[in-house]
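**Q** Here it is, the structure, as structure tokens.
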Amino acid sequence: MDDTQDLVQIGENRFISKTTVLSHLKTYNLYYEGQNLQLRHREEEGELIVEGLLNIFWGLRRPIRLQMQDDHERIRPPPSSTSWHSGCNLDSQGSPNNTDGQQMTQQSPPTVEVTPPESQLEDNGVTEEQIEEDSESSTQLLRTKSDAGVLRRGQRRSPSDQRKIRRHRFSINGHFYNHKTAVFTPAYGSVTNVRINSCMTTPQVLRVLLNKFKIENSPDDFALYLVHASGERVKLKRTDYPLVLRVMQGPCEQVCKVFLMEEDLGEEVTYDVAQYIKFEMPVLQSFITKLKEEEDREVQKLRRRYNYLRCIIEKQLSCLPEGATCM
């Protein structure tokens, strides 16, 4: 029992000493001193629990599907052309009996940053202070609805102004987003983070990440990989604990990163193979030539050996008298 409490599980039938984990955790927190990536730890019934933010880098090749609205949100048509719509929370608009002179006291900020032309700031009722607040509250990957516009209806705009607004409306932090199909393509290598603990396995971490951004894809469609600077790529098993494994790799993300990739498109790269990835093609071709020459020498050596053995056997058979049988 005491031996079990001194160990920390990092996978199925895989354990590491608690002292080693605490040592790596201390180095990890010193590296991120003063940042929100520092991890906390505690013990419950002798079990070490580490919790905090984990950086995950996007490595997807196919688009992902985003929910058009929240699961518990009721969809209502716009009550009038003079009220906010699309990007705002419809539940905060009040009852339809409100008069035109009344103003809403509480409005939820839009989930997607929209930057209309300067000439329309006053006409649309959006001040610079509101836009700055929206940009500060935006995360690295924002949830969005089918229409990200928060402008009032009933105003005619020139085609150039419409193109400017459309460019902002269809992008999330520079990433392409199609509001009609709810398809989103994260930029390769862009980073996000999730708050997890060391007791969460790989599927649980994937579920937290997908729920954070309201992604409709199944967690079974994705996998987490430890990608090293050398090119080595290790796929985390379903029974692994990503947070502890990340701490054991060291704090520097220039050395090792956690990537989210497709389950069927991701590919593991061993350390031996990773050593040759960064070589130029002429160098790799020379390696292949050398290996081919070595293979040919081994083949010739085996042929000479078996030819010699065949000659000895044939000579012994020729020396046997006729009618003799081998025992």
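Sequential numbering from 1, following the chain as shown.
Backbone N, Cα and C atoms are what each Cβ position is placed from, and that goes for glycine too.
No curator has checked TrEMBL annotations; they are predicted automatically.
Quick paste from TrEMBL:
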{"type": "COMPBIAS", "residues": "81-110", "note": "compositional bias 'Polar residues'"}
{"type": "COMPBIAS", "residues": "125-136", "note": "compositional bias 'Acidic residues'"}
{"type": "DOMAIN", "residues": "177-265", "note": "domain 'Ras-associating'"}
{"type": "DOMAIN", "residues": "273-320", "note": "domain 'SARAH'"}
{"type": "REGION", "residues": "73-164", "note": "region 'Disordered'"}
**Q** Summarise the domain 'Ras-associating' (177-265) by DSSP state, stating how many residues are helix, strand and coil.
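**A** Secondary-structure breakdown of the domain 'Ras-associating' (177-265): 21 helix, 29 strand, 39 coil.
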**Q** Reported in the order helix, strand, coil, what are the DSSP residue counts of the domain 'SARAH' (273-320)?
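**A** Each residue of the domain 'SARAH' (273-320) counted once, the result is 44 helix, 0 strand, 4 coil.
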